[in-house]
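Participant: Here's a structure for you.
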Amino acid sequence: MASAELQGKYQKLAQEYSKLRAQNQVLKKGVVDEQANSAALKEQLKMKDQSLRKLQQEMDSLTFRNLQLAKRVELLQDELALSEPRGKKNKKSGESSSQLSQEQKTVFDEDLQKKIEENERLHIQFFEADEQHKHVEAELRSRLATLETEAAQHQAVVDGLTRKYMETIEKLQNDKAKLEVKSQTLEKEAKECRLRTEECQLQLKNLHEDLSGRLEESLSIINEKVPFNDTKYSQYNALNVPLHNRRHQLKMRDIAGQALAFVQDLVTALLNFHTYTEQRIQIFPVDSAIDTISPLNQKFSQYLHENASYVRPLEEGMLHLFESITEDTVTVLETTVKLKTFSEHLTSYLCFLRKILPYQLKSLEEECESSLCTSALRARNLELSQDMKKMTAVFEKLQTYIALLALPSTEPDGLLRTNYSSVLTNVGAALHGFHDIMKDISKHYSQKATIEHELPTATQKLITTNDCILSSVVALTNGAGKIASFFSNNLDYFIASLSYGPKAASGFISPLSAECMLQYKKKAAAYMKSLRKVQQSLEKISKLEQEKEHWMLEAQLAKIKLEKENQRIADKLKNTSSGQLVGLARENAAMSNAAGQDEATAKAASEPIQSTSLCRALSKRLALAEKSKEALIEEMKLASQNISRLQDELTTTKRSYEDQLSMMSDHLCSMNETLSKQREEIDTLKMSSKGNSKKNKSR
């Protein structure tokens, strides 16, 4: 078991390691990709810097060229200024040269204008390139910072995973060392188990040989002595007396006593409820002392007056059921014959409820039609009508299920044994339903009584009767709740106790077989009582034999002492003279008698009686003992006849012994299987440890 747990733990660690390794690979790939992106961005930044430097150089060259052109323009302007006065003086002579200079000026102006435009265009391009360069540089720097941050985070994750990976490797190495130690321990245990297995196999072989011989002997005895196997057929096995379970019987009697108390409370509450309902009909809505009540209520009152003849038998039936459960019986559904009587009484009460239900509904309708009935009171009456219907329906369910439970004791095919538990469960559900309905009745009747007490025509007699009905309804509600809780708490015990029956069988076959079994149980109890009596008689005989031997020894000792005393007297008489013979003899006789009496009185507490009267009493006692011995011998003969019947029990004990031996062999087989499983686990652990060591080496 421990190796399996270690292997499972190792597999979990290996899975976690592989998962972390896969995550590490993904993170490494992400870091590499980000590093590649960062390198590419750095390369782009480098290229942009180079292009920027190139543009800067171009800008510098253009600026230098521009300065040169500006200087040249200034020189040309100076030359133009110097050439104007000369032109005036030499206007006439220099018309041709002025035309030439004018053409040159025009060329210079066009060239200057082109240079200026080109300079402006270059300035614009330089400004745009500079702005674009700054923008790209800012973007690249921010992106570079982001990538550096992400790279740092990824590097931290990678470092954490690396640390965790190293810790996992170290933990796995420690687990590997522990598993190796565990493997060595298991190998030692396996060796010890193999040795023990060999010893057990040797013992099993010896036992098998011994049992084979005993089995052959037992089979020969069974074939010669046993006419048939009564446990082979369920019909015969149901007649066998099961083992007496005194605890089960006491528990069932205690449960039956509690159920009887609950039923008595329910019966009292039902009697009060029907009786006070009858009284209410006589005073509301019409008081019979003042006016005549309706024919409907007269009939309803007549039926309610008969409630005791239907309700009290429920208590009587439950009492008979309780009295039938004793310590000496076997209480199962097949033997509880009195449950049928209780079911019949419940059926009778259900017929009573069905008979009064229409009158009760019509009586409530008559109250609703009265001028004193308000809308709120009418609503309560309608609710009570529905509640009374539900109450009758619940009693119908209870009667149905209890009648089903009574079938095994009367009709064996009426209810299958597999349905016992479902029927009991439904009985518990019906009792809880009865409790719920009684709570609704109590609630609605309390509201009804409150409304009626507020009526101006409400009399004290009506108020008192309503209070009595309400108290009886509350008592019914409490009783229903108690019996429902009681049945639910003992439901598991009821279901479990159904298997109580003959050995190696599913239960009693029929009520007749259960009755026969109970008769056999009584006979077996009487037989055991007779055996106990025989044992007591044998002990009494042995005790009387010991007393007889004791008193015979005492009589022999007294006889020897008497003979010695007579011999002494005779010797003494021979030594005396003839004249003194008679006087001395009388004197000695008197003295001997007195001495004998004194000695007998002195030694009565510590020694047996030494007179002839004692020997007569002993002889009489011995005669009586002989007679009692003869009577006891006759009883012993009868007991020996009864003892011959005990030979049948020998076969059962042999069977039990054979069952025990078979159980031992099964146990040894299971031990071999466990050993083989342990070997397989050790092999798998070795293979897994080798594979892990190879993986660690490869890593």
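The chain as shown is numbered from 1 upward.
Just so you know, glycine gets a Cβ as well, placed from its N, Cα and C.
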Participant: Given 573-614, 615-656, 657-698, which one carries TrEMBL's coiled coil label?
Facilitator: 615-656
Participant: Under TrEMBL, the annotation coiled coil belongs to which of these stretches: 137-196, 197-256?
Facilitator: 137-196
Participant: Of the ranges 282-316, 527-561, which one does TrEMBL flag as coiled coil?
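Facilitator: Spelled out, TrEMBL records coiled coil over residues 527-561, not the other listed ranges.
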